[in-house]
Amino acid sequence: MLESEQNRPQAEPAPGPGPEQRGAPPNPRAVCPACRRLFRDPRILPCLHSFCSDCIAGLEPFSVTRPDTTADRVTVLCPDCDSEVDLPPSGPGGLSPDHLALDEVFLEALVSGGPLGCDLCGEGSSVSRCEACSVGLCEFCSEAHRRQKRTASHCLVGLEELRTRGRLCRPVLCSLHAGQELGLFCQPCDLPVCVECAATLHRDHRCCPTRDVIDRHGDRIRELVSRILRPRLEGLEESLQKVENCQEAVQARVEATANEIRAFACGYASAVEAHCLSLLRHLEEIRVQRRNHLHLQRAQLQQALADVRGAVEFSERLLGCGSDAEILSAKGVTLRRLSSLADRSHNGLPAAVAPDDGSSICFLPREPAGEVEGYPVVGVVSAKTVDVSSCTVEGTGLWQAREGEQGSFTLVCRDSAGERMARGGEHVVISIVHKEKKGCSMAATVTDNKDGTYQVSFRPEKAGAYSVWVCVKAQHVKGSPFVLDVRRRFRQHSGTFHCCSFCSSGGAKEARCGCPGSMPGESRQHNGA
């Protein structure tokens, strides 16, 4: 109870305008971190952060526990450090008052020209301060202070002079006895008290002047600070500085790496753009080449068509309109022309068999294309066409297989230069037919690997020789049709094995087998092994 009475608030200056009204005060220690105004009855939380008593009372409870014998214990979060702190059962008024914060408030009010009430009458505004009593006095109380014998020798200092000093010394007064300074310390209660408190409430306690115990109690604080907390503080500051340095280093490294990425992206974009232009130029060259080739084929076909049409029309007109003599007279030159046209092979004109429709022109986006300006790029324009005569078949499954077991081989499509095609999509036909048994064939599955190769798999049901046709674009590849030899399925013997004693004994008929068995036909076994 004595502690709660001792912690009652003492007189303090009227709260001045908040920072939102006159700007932030020069001294932030005079401002409550919660309400951002000058402290009003500041109280110290267990985490040593001070707030106005009303601000603490307005905090949302973090938790409420109900001990067995005491009142509810309320836990709140400090608005400054987020620490969980317990409030005393009496509420914020049970917390220790922050006299240093009050000093800062008085000093702030003094320096900023705020109102300071008279500490004696409480009605007028202070114009001077008694250095001996450490109280502010109005004009009337100042005159009375000078006239009284007990205070006539005290030195009164004007507020203007105090403002120039920049510091203020005020006593800590007792909250129970007006005007009484806390000059004693009750050791059993561990509280500072005034003279009247020591004579009444603490008369049976050992009370000493504060100057006699301040060294001992101050040394405890000083020892904790100097021996433990100050080195820890320095270590934490050093660690914090290292972390901040690391943050700056990380930020600098990230920015440098970002610049490298941007430079790389710009360079890569330039290389990709150059590669794109190169691909388009190559595509245009292919287009011009194919166009010229088709123009040549078209001209050849037109000329061949004109020759054949002219010969046919002349021959038909000769036979239909000419007389016998006319036919016989023109027979020689006509037959020579017709024979020449008939003997001329149209296979010499590629377009007559398979005109180029441009289907072989494609873009392979994942094909490596080397480097452009030092950057690796992908994507090539392919115009290769498959050459059936250059296609090859790989794998032993093309030559031999076993009845009931899966066999396979690989077809590799190549161009005229013998290079493997880099894409799939060719029309591949596989036919497997028994060479001796009519109507006996097997189904084959063709898997396009999309890289110019085709996996062919099959499962023969009957043994024998098969003819395997491998065709691309309705034409046989080199070596087709192939001969596939399908052997019978291997059947594992499940009976009893006997030795041939006659053979193993070199033909001795009297040899007998060690086992009691006999061969089919009740012939006895001979032992020769």
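In case you wondered, yes, glycine gets a Cβ from its N, Cα and C as well.
Unlike curated records, TrEMBL annotations are generated automatically.
Since we're looking at a predicted model, the values are computed, not measured.
Database features, via TrEMBL:
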REGION    1-26  region 'Disordered'
DOMAIN    32-82  domain 'RING-type'
DOMAIN    118-159  domain 'B box-type'
DOMAIN    169-210  domain 'B box-type'
REPEAT    383-486  repeat 'Filamin'
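For the domain 'B box-type' (169-210), the number of residues in each DSSP class (helix H, G, I; strand E, B; coil) is 6 helix, 11 strand, 25 coil. Summarised by DSSP class, the composition of the repeat 'Filamin' (383-486) is 6 helix, 50 strand, 48 coil. Secondary structure by DSSP for the domain 'RING-type' (32-82): 5 helix, 17 strand, 29 coil.
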